[in-house]
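Here the structure is laid out as structure tokens; the discussion comes afterwards.
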Amino acid sequence: MDYSKLKGDKFGLVKVLVRTLKAPLLLPVIPRLAYLAFTFCQPLLLERLSNYLSQPRLDANTGYGFIGASLLIYSGLAISWAFTWCRYFHHRMRTMATSMLVTEIYKKATTAHIGAGDDNAVLTLMSTDMERIKMGLRSLHEIWASIIQAALAGWMLYTRLGVVFVAPMGVVIVCFSGLAILTNFTGDSQRAWMAGVQKRVGLTATVIASMKNLKISGLSAAIGDFVQRLRVEELAAGARFRQLAITAALLAYIPQLMSPPLTFAFTTRTLDATRVFTSLSFLTLLTSPFSQVFQSIPGLVSAIACLGRIQAFLECETHHDFRQVFAKITSKTDEVRGNDKSDFDGGLDELHHVEIKNGWFGWEADKFVLRDVSTQLPKASLTIVVGPVGSGKSTLCKALLGEVPFSKGNVIISTMATHAGFCDQTAFLSNGTIKENIVGFSPFNEARYEEVIDATALRHDIVTLPQGDETNIGSDGIALSGGQKQRVSLARALYLHSELLVLDDIFSGLDADTEEEVFRKVFGPDGLLRRRRATVLLCTHSIRHLPAADHIIALGNNSVVEQGSYATLATRQGYVQRLGLTETGKSDVTHEKAPSKRTIRSSKNDVLNRTISITSSLGSNMQQSRQVGDKAVYRHYFKRMGLFVAACSVIFAALWGFFINFATNAIEIGFLTHSRGAGLTYWTDDIGSNRPAHSSAYYASIYATFQVCCMISLLVTALALLIIAVKRAGAGLHQEALRTLIQAPLQFFTNTDTGIVTNLFSQDLNLIDTELPEATLNTIVCFFIVLTKTYSTHFLDTLKGITTIRAFGFLTNEVEKNARLVNSSQQPAYLLLMIQEWLNLVLNLVVMVIAVVLTILAVRLHSNSAFAGASLVSLMSFGDSISGIVIFYTKLETSIGAIARLKAFKETVKPEDTDSEDIIPSEQWPQSGIVELKGVSASYGSNPAAENGSNHTPTLALRNIQLSINAGSKVAICGRTGSGKSSLIALLLKLLHPLPETAMSATIDNTPLHRINRPTLRQRIIAVPQEAVFLPDGSTVQANLDPSSVSTPEECQSILTTVGLWDFVQDRGGLNAGMSAGTFSAGQRQLLSLGRALLRRRVRANKGSDNGILLLDEVSSSVDHETERVMQNIIRTEFRHYTVIAVSHRLDMIMDFDRVVVMDTGEIVEIGNPAELAAQPGSRFGDLVSTSAK
């Protein structure tokens, strides 16, 4: 439906749910009314049986009637409440509502335009808010049934005790007024709590996805502290909500605890055993519904507030495809489909696929990135878009896809271009195999698949993977290098049957050799796209390909500065001519013979077993932890909450059970059940005697004292478990899990699904904060009375790649896949509810047997009417007490599974730190920057030498590295994608593990690398990753530039001026303005990342150390050549005394370096001076230079 129609209606989504689920909502009504009728039969049976037993002579037939009546009443109670009737229908309705909401949230996420909603908010809606809604709907049918029950019980009480029945009604009215006041604060506290959860979960998801870059940047500790502070703030906000809930619970208990003594104290009727126990049973039926309502209201209000948050998301602006589809009907008749037809003043000619007329495009209202753009994409041609950083190249790509939120003018496309093969600047890959990512939802065609594998030069890379193209690449393709991810993304676009391809900076992570090969095979004269006669728009900084373009669009100053063929633009004074290119012929680069097609799938080795074992180990341990709630898990939980708090909870719960049992009979209420029975027996015996020892007021005061003690015990228990324990355990368990996450080796993030880990920090922590303390409280209270949460991964993938999914036309397939995942995810929870209700039925049938036996004994033995009455009153809630223990314990086991999973996560994921890392260098280290690697071999495994106890040789990322780097020298690392360049950087940052026999051969400033403390190492060495990392959206520019807060605003401004970003930042509010990663282009993000490194260098210089090591991993991959020269100058001047080790595919950037290291398949194949190697015949580096120059 169109949820925008709900705007203005605060409860619009609630009404939609009611209309949609009308039948499931009404189905439980009849069995619930039957249960209500059987419930009122209990006090009537008690009254008649007590009168019967008070007679001196008993009629046997009447006694048999009572036995039959007890059998009928208690079996009716069991069956009417059983899962086959009331509870079954109710649970089915809750499951349906949950599935519907999850599906609608997912559908809305796929149709919302980029930037319309906060991904963090959506993630919270799918997890925390859904749990609150399910909890709030638990007592939906109890509210209306409780009102009917209270009215009938009040009338029956009036017939027994007279007008004194207004005493409990007065107590109820006072408590209800207090609850109404509390409700005014519940919504605000709920929203504040959910906002805190949303912020923390969103940042955690970002941290999990960006952990490699955080570790490289040395920001993991700072970000971890930031996340923990958010967790503490979230718990504080949650505590305010729970305080209101505890107050509401106390208000709910007051009527049923204080009404009986007040009623008996003020009644003028004679109190005999029959009247006391009959009245007490009606008082129970009168007050317990109000208690039910009182306790249900906070949860219901919370659920409605969460539904309001979901409604606000569903109402948010929908993605509007502003493009106009032009279809040729006949040679004389044209048709236009799309929006703004009135502004359409012409169609596409037969020579063009796409046309933009006077287009204005931007990401914020009235702030257009591109202005007055008019251009055309010729059919069956290659159009290349060039321009400086921030000129709007990516915005133009999104405009062609209809993904820009603010636009004016016309974008006209042909019907053959409605779906486009799209490659985003940051490659989107889902958690699956290479083959699954390439094929997607398209039909599999072996010939087409092999064709795109060859065209993207992936065959050589696939052979090196453990299971070929069936290898799972992990979330965001973390198992692949940057260049491999770009080529898999390109292969997916090529596999799609589409005549239009939009490719955004696909060469940023490719070395010159691989780039040339891919360009030749895909875009060259005999390339794949030329043979298919496809229309291609390619945005790139690789300007050497411009001569091969059919059409060129140069952007600058927020518009098109020039466009045309290369021959035309090269002779015209403009942007292209200033690039100084010369047209060249075909590439003569030779290439290695590609592996056979069979090799792709036959390349399997033992690495796969080790790769899978880590993920399987985590999943298996966590799965087992859900099956068995062993003692260690409970000890772990109680230890985190504090043993004193746990002891106080148990002691006061025991006192609660004692006081309430001794004082009176059973009363069922909301989520707590208990039984009472002994005290009233003495009272009725005394006042029924000829010479009573005490007045009714005396017994009523004792009765009231016990009830007050009950409330005090309950209050202390609730405060201990719901406030203190939640704060302590919640913060402690989160800190443990976060520390485990940050200290986990890189291999963990490569092999583990981010959805699994994100669930630990969202749904499991929500269980710990909500259901677990409640289940613990209910379980121990009931115990003493008797004595005396897959679709997450898919959803995250969808949020990350929504533009690609829409461009490919896969939305319908993704929605269907989500529906299947939602259905699968609901089955276990639904079956658990059914099992619980079956158990409830069995226990109620046991109560039926007990009731029948009690009635038989009372009738046959002519029992005292007072004891018979007390027994039957106690039996009214005995079944609920027994089933409460089992059901609440089941919930406790389910909730404690969250603790078990966090515990398994901590124990299974071994930290990357080792005991041998005992050296913590000074702040001035490294003073020289000397790096020595003597025959070092390394693997990403945590213990490559003896992984899983196997004897095989581990698969190595680096082999026999022999490299000596002098102090202050500048060394470049080159090679094709996947050759081990970034692995060498990872080795120096201890993200990669040397083999034990070569560990001593790696040193920095003569300090063994394997003995240096890892967090300290990453703090001392300045490193810039290829993908810039940022704090959550809304954080200030200064906080992103200086996460550790070690500089002044003036110093931050100086840094931004140096990297050329100050004017851009100043136009958007300055240093204290909120920002998001999307505010900056990819090139600007890399400049800001370099600025962060420059700030760290200046901070070190202020402390007296102007020497060190700078590691750069493709820092200029997404910038134009002019910006690249700026970055070169910054590195050359600001880091002139530093040892610089730079991975780069841009060879122009490193020609003035002291040395260049060429790598291939994890080995160094060539070392030397760049200029000398470039001039040397047969040099590998020389081949790369000649290739990049073409």
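Here the Cβ of each residue, glycine as well, is placed from N, Cα and C on the backbone.
Note on TrEMBL: of 246-268, 867-889, the range annotated with the feature transmembrane segment is 867-889. Of the two recorded stretches, the transmembrane segment (164-185) lies close to the transmembrane segment (140-158), with three or more CB pairs under 8 Å once pairs fewer than 6 apart in sequence are set aside. Touching of the transmembrane segment (140-158) and the transmembrane segment (641-663) is ruled out by the presence of fewer than three CB pairs under 8 A, sequence neighbours closer than 6 excluded. Per-residue confidence over the domain 'ABC transporter' (931-1186) averages 84 (mean pLDDT, predicted model).
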